[in-house]
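Straight from TrEMBL, the features:
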DOMAIN    C:5-79  domain 'Glycine transporter'
DOMAIN    C:91-164  domain 'Glycine transporter'
TRANSMEM  C:6-23  transmembrane segment
TRANSMEM  C:30-50  transmembrane segment
TRANSMEM  C:62-79  transmembrane segment
TRANSMEM  C:88-105  transmembrane segment
TRANSMEM  C:111-136  transmembrane segment
TRANSMEM  C:148-166  transmembrane segment
TRANSMEM  C:172-193  transmembrane segment
């Protein structure tokens, strides 16, 4: 139940982030719906494909698709309010990233992968939806250019494995790791921390 | 046999649509071949991956690849004639969409998916080849911007499940649903029907 | 062991080619790492997904990821030297293509595919990483526009099946086919051989 709630919250957060990007590109209703859908399920779909977990999760359980459709309709109806919430694009995206990173790690553990691969799988789950969203909108994916994004997923993911070595209930470790991902990204953007420039000139 | 014929006709229709787009981009022979190939098998490949039906269909049966290669060679040889047939790009694309939507639904039923997911799978089968084609040619996928496209797939797909409730032979329901998809798209373009604008300003 | 060495060499070659392209786009460290990673494992990942070989190879064996991370760090540290080696982008890419084509064919044979599909699978393994790299960097994939690229993979791949009919040790046939792919591409670029123009006007 706990796990399921996290998954649905992440789906809603990413779907809204997809709607906001798609509406800037002036796509029609189905364009917006598809971008929202792909942003929300893209990372989890690639994760399921990579570990051979098919049919992929959203095809076995209609709750994801129904959640996304309702989210998109509500987001479009209240678009005026959403437009005043520029910062929410960032916030929803960030919450989604935190949630999905840990969901991906959980699935990697279920598939018997090593911690290193679980962290990679969590990072893919968290970031690939946004990558597809940007590719479909014909832009260089934002995570390659700006902000400490993958770094937050990787540090948060690693902290989950460290926390599990301590005498902490697994659910707490799970939530703390999610908050670490979210906090890292917010701090990085707030204080404009970027990865060191690797270009000499 | 009936089913197989439909599948091959869709492959030819989509391959030609791929050739026409690729030639506008002045790609070389293999560029044209690959775009035609991806347009023709992209939707079915994603469909097979999502439901875990591997090796994907075109790898198990050479007939698809051979069909595409012959189609591309013929399309290039008769390019002058094709160029006069601007409208054929639209027509071939539309026929392919109708055929693939129903092929995808059929596969979803075989995989035991719910009607909602079968319709989604049909829409993916029909539209994803064109999406990849546009991404590879560095354009925002046309289906996100123009025309009632996914809508036609969804309504046609839903009509198949409704028709199956009526006392109609399954093959007839299959063909009627294909024609509904094709008719919807032609009517939408002919009368310039678009989805309602969702932007206030 | 022989096979494994070939695989790792191809990984290094492609990762460096990814670093060089990503640095031209001024991506940050993780952007460079991800592009290098995707360039190196993209083709093999699609190959594994298409034949249903999951979890995909790089998730089961950490050696690929560790190889890529070390390669990227070294490539960035010695970027000044690399910048003088413009031609190395081409050379590394070409070596990677030759190696991956044959690795892909080998996997296709293991999966029981026909020679035609093995050659297609080898070509996909060799070229798809570069295709994703270019899509992520928002460019029309270079293999669709320039140089005899897929042609080299296909001729080299076909030559492997021909060589296996002759009284030659399989490992020799494997290496000779790799060299044929590499030689064909170098000759094509050196003498500016291109596929015949298919446009009348």
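In case you wondered, yes, glycine gets a Cβ from its N, Cα and C as well.
Automatic prediction, not curation, is the source of TrEMBL annotations.
Applying DSSP to the domain 'Glycine transporter' (C:91-164) sorts its residues as follows: 59 helix, 0 strand, 15 coil. Residues 6, 90, 94-95, 97-99, 101-102, 106, 126, 147-149, 151-153, 155-157, 159-160, 163-164, 166 of the same chain lie 6+ residues outside the transmembrane segment (C:172-193) yet bring a C-beta within less than 8 angstroms of a C-beta in it.
Within the domain 'Glycine transporter' (C:5-79), the DSSP-based counts of helix, strand and coil residues read 63 helix, 0 strand, 12 coil.
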